[in-house]
Amino acid sequence: MATNAVKSKKSTPSFDKTSARIWFYSLLLTLQYGAQPLISKRFIRREVIVTSSVLTCEIAKVICALFFMTKDGTLKKVYNEWTLVGALTASGLPAAIYALQNSLLQISYKNLDSLTFSMLNQTKIFFTAFFTYFIMRQKQSIQQIGALFLLIIAAVLLSIGEGSSKGTSSADAEQILFYGIIPVLVASVLSGLASSLCQWASQVKKHSSYLMTVEMSFVGCLCLLLSTSKSPDGEAIRQHGFFYGWTPLTLIPVIFNALGGILVGLVTSHAGGVRKGFVIVSALLVTAMMQFIFEGKPPSLYCLVALPIVVCSISIYQKYPYQVKKKEL
């Protein structure tokens, strides 16, 4: 009994330290999620070539991940155990998908207000659930299915509100739809697919979050570089230069986004999906608050109606997971 008491006392500080670390990562990711759309709109000029900002962000992720692996002493072990086939199997396809998703998000940032972007971006939870079931056969509870339908309703409300509130000209409405709403929704589909593939890879390959970040960023950079041979962005880079439209302030959202990618892996590995769900809900509130404070622009009526629906749907989805029945055991 005395020995157990001693062990309990010794383990308490370690538990408290882990809990504090989880809260710290979650708080940072909440702020990053919530502030990213606003910061990107403010510091990335419309002239900036999307591929240049995405490539720079991926390079920043690699540098940050290598730094943290060096700091925690896992870099040498990862280097000795790393294989090309294993890396391509675990990270190749998700990396290519995420690279395309990031490009679509960059386009959407410039054509939607921050709150609408953040809320539409949450539909990736629905697509993550869909692809997780399709790939991993992970079932959903009735409450979770209901929450996903609520999320779809909110997305429809936002689409209607955004299309009707940004002016009356058909040109503006078409630009918002094709360069704002559709890109972020397609990016959500891609995010759900890539997230499910990463879950499969982590369970099979047991990759650390830092290693996955390095591999996926590297592959993503290769895909983007190959795409520049024929893409409009590639032509723009050859004509105007890689850093066309950049200012020193452009580095702020780029590095901010890179650190967010690191934090996503840390929160998921340390706390799991439930804590990440709370982060997503909190980030919506952060975006709304920051948009009102810094832009002086209150959300539209459709956003006000959709916001509690999004919050409720995500909260229900996280609170009522699927329970395995005795017959299934």
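Think of each number as a place in line: the chain as shown, counted from 1.
Cβ coordinates come from backbone N, Cα and C, glycine included.
Curation does not apply to TrEMBL; its annotations are automatic.
The transmembrane segment annotation in TrEMBL covers 82-100 (among others). The list of residues near the transmembrane segment (82-100) in space but at least 6 beyond its ends in sequence, with Cβ under 8 angstroms from a Cβ of it, reads 54, 58, 190-191, 193-194, 197-198, 201-202, 204-205, 207, 211-212, 215-221, 223-224.
TrEMBL lists 145-164 (among others) with the feature transmembrane segment.
Remote same-chain partners of the transmembrane segment (176-198), defined as residues 6 or more beyond its termini with a Cβ less than 8 Å from a stretch Cβ, comprise 93-94, 97-98, 100-102, 104-105, 107-108, 110-112, 117, 120-132, 134-136, 155, 158-159, 162-163, 166, 212. Sequence annotations record features per position, and here TrEMBL assigns transmembrane segment to 176-198 (among others).
Sequence annotations record features per position, and here TrEMBL assigns transmembrane segment to 210-229 (among others).
Per TrEMBL, transmembrane segment is recorded for 241-265 (among others).
Positions annotated as transmembrane segment by TrEMBL: 277-293 (among others).
Residues or ranges marked as transmembrane segment by TrEMBL: 299-317 (among others).
Counting Cβ pairs closer than 8 Å and at least 6 residues apart in sequence, the transmembrane segment (241-265) and the transmembrane segment (210-229) reach three or more and so form a contact. Non-local neighbours of the transmembrane segment (210-229) in the same chain are 51, 54-55, 58-59, 61-62, 64-66, 68-69, 74, 78, 82, 87-88, 90-92, 94-96, 98-100, 102-103, 198, 201-202, 237, 261-262, 265; each lies 6+ residues outside the stretch with a CB under 8 Å from one of its CB atoms.
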